[in-house]
Structure formats: C-alpha cells, structure tokens
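Quick paste of what Swiss-Prot says about this protein:
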type: CARBOHYD; residues: N5; note: N-linked glycosylation site
type: CARBOHYD; residues: N18; note: N-linked glycosylation site
type: TRANSMEM; residues: 30-50; note: transmembrane segment
type: TOPO_DOM; residues: 51-64; note: topological domain 'Cytoplasmic'
type: TRANSMEM; residues: 65-89; note: transmembrane segment
type: TRANSMEM; residues: 98-123; note: transmembrane segment
type: BINDING; residues: D107, T112, N198, Y431; note: histamine binding site
type: REGION; residues: 107-112; note: region 'Important for agonist binding'
type: TOPO_DOM; residues: 124-144; note: topological domain 'Cytoplasmic'
type: TRANSMEM; residues: 145-164; note: transmembrane segment
type: TRANSMEM; residues: 189-211; note: transmembrane segment
type: TOPO_DOM; residues: 212-416; note: topological domain 'Cytoplasmic'
type: MOD_RES; residues: S230; note: phosphoserine
type: COMPBIAS; residues: 238-261; note: compositional bias 'Basic and acidic residues'
type: REGION; residues: 238-292; note: region 'Disordered'
type: MOD_RES; residues: S344; note: phosphoserine
type: REGION; residues: 345-379; note: region 'Disordered'
type: MOD_RES; residues: S347; note: phosphoserine
type: COMPBIAS; residues: 353-369; note: compositional bias 'Polar residues'
type: MOD_RES; residues: S380; note: phosphoserine
type: MOD_RES; residues: S396; note: phosphoserine
type: MOD_RES; residues: S398; note: phosphoserine
type: TRANSMEM; residues: 417-440; note: transmembrane segment
type: REGION; residues: 424-428; note: region 'Important for agonist binding'
type: TRANSMEM; residues: 447-469; note: transmembrane segment
type: TOPO_DOM; residues: 470-487; note: topological domain 'Cytoplasmic'
Amino acid sequence: MSLPNSSCLLEDKMCEGNKTTMASPQLMPLVVVLSTICLVTVGLNLLVLYAVRSERKLHTVGNLYIVSLSVADLIVGAVVMPMNILYLLMSKWSLGRPLCLFWLSMDYVASTASIFSVFILCIDRYRSVQQPLRYLKYRTKTRASATILGAWFLSFLWVIPILGWNHFMQQTSVRREDKCETDFYDVTWFKVMTAIINFYLPTLLMLWFYAKIYKAVRQHCQHRELINGSLPSFSEIKLRPENPKGDAKKPGKESPWEVLKRKPKDAGGGSVLKSPSQTXKEMKSPVVFSQEDDREVDKLHCFPLDIVPMQTAAEGSSRDYVAVNQSHGQLKTDEQGLNTHGASEISEDQMLGDSQSFSRTDSDTTTETAPGKGKLRSGSNTGLDYIKFTWKRLRSHSRQYVSGLHMNRERKAAKQLGFIMAAFILCWIPYFIFFMVIAFCKNCCNEHLHMFTIWLGYINSTLNPLIYPLCNENFKKTFKRILHIRS
C-alpha cells in the first residue's frame, strides 16, 4: 500500500520524494499505535476539562489558560489525528474537497491555538512573577478570557488563506483531486513567513520570558533566605513581653522585632499620672480586632488598659480616662501565636482579596500637647499610638507574607510552565527544522522522517495533560478523585 503524505501545520504534501510502499501487515501496528495515542489524547484532555469544571479549587485565572490549551489539544486529538490516520490508510484522498478543507482548517487553527495558548500562559506567569501584587489587581477572569479569545481569533485567521487563497491572490494552482492540500502548498515565501510568526518568534519570546521568570524567582528565593537568616518568618512571629532586665541597646541597633515590641515611652511628651486618692481599676481590654475568617491572622488581642478616674485642674471635674498601665504594657497574643494554618491552600481569588486588604499604611501619627492637658493627652495618645504602631507593623509584615505566599505559588507555576515549554519545544522543533529544510530543498525529503515529525508535534497534545497533575497538587488530587484512585 502506498504511504501518502500527511497534512501538517504549515506544510501540505511538500515532501515530494519517491513513494514508498508498505504492506498492510506492516501498516496495521502503526495504525494501532497512532489510534491509541489519539484515544489517550482525547481522554486526558476531557479529564482536564472535567476536573476544572468540577473542582472549585481549580477555578482560578491561571487555569483559564490551561483550559484554552486543553481545548486546542482536544481538537487535535478528536479531529486532526483521526483524519490523519484515515488518510494514512487510504491510498488517496477520496472524502471530497469540503471535508478536506475542514480537516486542514482544524489542523491549522488547533495547532496554532495550542502554540498561542502556551505563549499567553508564559506571559501571564511572567507578569505574575515580575509584579505579583500589582498584577493581581489586573489579573481578572474577564481580562484573561479576552486574551484567550484574542489568541483564538488570530488562530482562526488561517481559515482565510485556506478557503480563499486563489481568490485573494488571483492565481490558479494545479490541484490534485486525490490529495488533500492547501492552495498555497508550493508558495515558499508564505509558508516561511507563517512559520516564523507561528513558531519561531513565539518560541524565542517564550524563552526570553522564561529566563526572566527564572531569574526573578531565583532572586526572590535568595532574598527570602537572606531575610530568614536574620528575621523569623511570619508564621513564627509571636510577640513577647518586654525583657524584665531591660537590656540596653544602642540607638539604631534594634532589630525590627524589637522595634515592634518596644513600648513607645514618652511618645506624647509625658507620662500618665494617677490620682493618689483613687485606686486604679484594672480590667482586661476587649479584643481590638478579630478576623475569624482570615487564614493568615487568626486573632489578636490588645494589651490590658487601666480605667483611671482622673481630675484635671483645667476642667475641675472628674471623668474616666483610659491610660496605659506601664506594668502591663506588653502586647498579648493567643498562646498559639499567629495562626497560619491552611495559608498554603489559599486559592488565587482569595489571595487577590487578601492582598488588596493589605493597603499601604499611613505614616505614624504624632501627638501634640496642649497647655494644661499635656499629661492627660499624653497618656491617651500613648495607648492609641501603641495600638496603631503595632497594627501597622502587623499589616506591613502580613503584606510581605502574602507576597511571599504568592511568590511560592508562582515558583510552582513557573515549574509547570517550564515542563510545558520543554514538551512544546521538543515536540515541535524537529518538524519546523525539517520544514525549513524542505521549504528550500523539495528533493531533500525523507517521507518516513517527515511523518514522524508531524506526529511528534501531535503528541505534544498528549503530553500536556500529563504535565498538569505532575506540577499541580490540586490537579493531582482531582484526577485521583475522578478516577477513584486511592493514595
């Protein structure tokens, strides 16, 4: 049986070398292998789409690009591969010109959409790593969907030359009815130009983006290691009372945590004077703030305040006044410290909400002393300033912690992108190198090698859904749940 030439992304039957024959017993094992690859491709990509649809943890902006890539791969496995196998079994194309144009259109569109989906996924990862918190505000499902639609729109532009090349170029090419090929199959300049736009240029840009991603993640890891070498991590923060021995520190030599727990003495220019004729009534202060639903900060308590009845000379009347008891002026926390349990499982949408809550803090508030009321305002502002001071510090470190969590997630996402790009380049580069050779040397064609490079590009659609669970724990758990696989 004659082995026909196969359709491909940017070339249709350009390989015009000597025909080789293959007996049916020799051809059937190849057909079985290719059919198995086709079925596996369809099954795995359907599994990815069902997993994203059924698991809420996978409803993230980043996975929209994965869905786009999976849809393109599904078209390759469900339409392009089977018709290529059918064409392989036939000695000539006998299914008619309309079905041929449909197959060619799906081949070009799906393969290009797969390439562009990897490209926009790479851009998304690049921006997430370079500007994590700023890009999170921009990174919405609406914008991601618009980007994906743009990529598919560009891919569908292939339909124009496939269906109307002779009409627009006003040239008539010799068309063989027993072959399924485009009207521009012998136009070298057009095929080289589209190869550069469809593959070489996106690939070079992706390599540049990924180099930047790798550099940014590496620098971030080195920066965090440097910080962790001198400061405790956010999950280890536990505010402790003042050192009873009162070890003296030189100005400017205090660590940030010592500044955080330091009492702002004399912040208002004086200390609180209690009335000698009255006894201070101590009571435990209520909770300053409680974030029961927050996954990073569980519950923080303020220090105890004293309700001190005071009488001032200026007013001549007594009233209750909130003052700081210096003997209880430390910040108390829960025995478990700051609860960070479950922070690693925060979804991207939750991370977006949390990161937006950590807004830029205002500058520290200074106090002014009025004549006759200086000591009274001093005590009040000391307590309030200490609360504000501590809260601003906690929000500042919480912001850094959220940024750190985001970078850890992006490091894993960058790893996933690295595997996807490696599979993409390894699968497609042999075909495009071979294509550039035969584009200028039509006699330099080995028919079996040509077919091998075509199917190697198709196999990229089979490998992509295998990469997701290897690099994403949520995909892995969802796949096991759907397939009823017990760990």
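Keep in mind that glycine also has a Cβ here, set from the backbone N, Cα and C atoms.
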Restricting to the same chain and to residues at least six past its boundaries, which positions have a Cβ under 8 Å from a Cβ of the region 'Important for agonist binding' (424-428)?
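Sequence-remote neighbours of the region 'Important for agonist binding' (424-428) are 115, 118, 199, 203, 456-457, 459-460, 463.
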Spell out yes or no: are there three or more C-beta pairs under 8 angstroms between the transmembrane segment (417-440) and the transmembrane segment (30-50), with each pair 6 or more apart in sequence?
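No, since the transmembrane segment (417-440) and the transmembrane segment (30-50) share fewer than 3 Cβ pairs closer than 8 Å, they do not count as touching.
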Mind giving me a neighbour count for D107 (histamine binding site)? Other Cβ atoms within 10 Å of its Cβ, every protein chain shown.
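There are 29 such Cβ atoms around D107 (histamine binding site).
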Which one is it: of the binding-site residues T112, N198, which Cβ has the fewest other Cβ atoms within 10 Å in this structure?
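Candidates: the binding-site residues T112, N198. Fewest Cβ atoms within 10 Å: N198.
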Take a look at 30-50, 65-89, 189-211 and tell me which one has the most Cβ pairs under 8 Å to the transmembrane segment (98-123).
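Comparing 30-50, 65-89, 189-211: 65-89 has the most Cβ pairs near the transmembrane segment (98-123).
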How many Å separate the two farthest-apart Cα atoms among the histamine-binding residues D107, T112, N198, Y431?
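That value is 15 Å for the farthest Cα pair.
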Take the topological domain 'Cytoplasmic' (470-487) and find every residue of the same chain, 6 or more past its ends, with a Cβ under 8 Å from one of its Cβ atoms.
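Answer is 47-48, 50-51, 54-55, 57-58, 412, 415-416, 419.
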With DSSP helix as H/G/I and strand as E/B, how many residues of the region 'Important for agonist binding' (424-428) fall in helix, strand and coil?
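Helix, strand and coil residues of the region 'Important for agonist binding' (424-428) number 5 helix, 0 strand, 0 coil.
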Which residue counts does DSSP give the topological domain 'Cytoplasmic' (124-144) for helix, strand and coil?
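DSSP classes over the topological domain 'Cytoplasmic' (124-144) add up to 18 helix, 0 strand, 3 coil.
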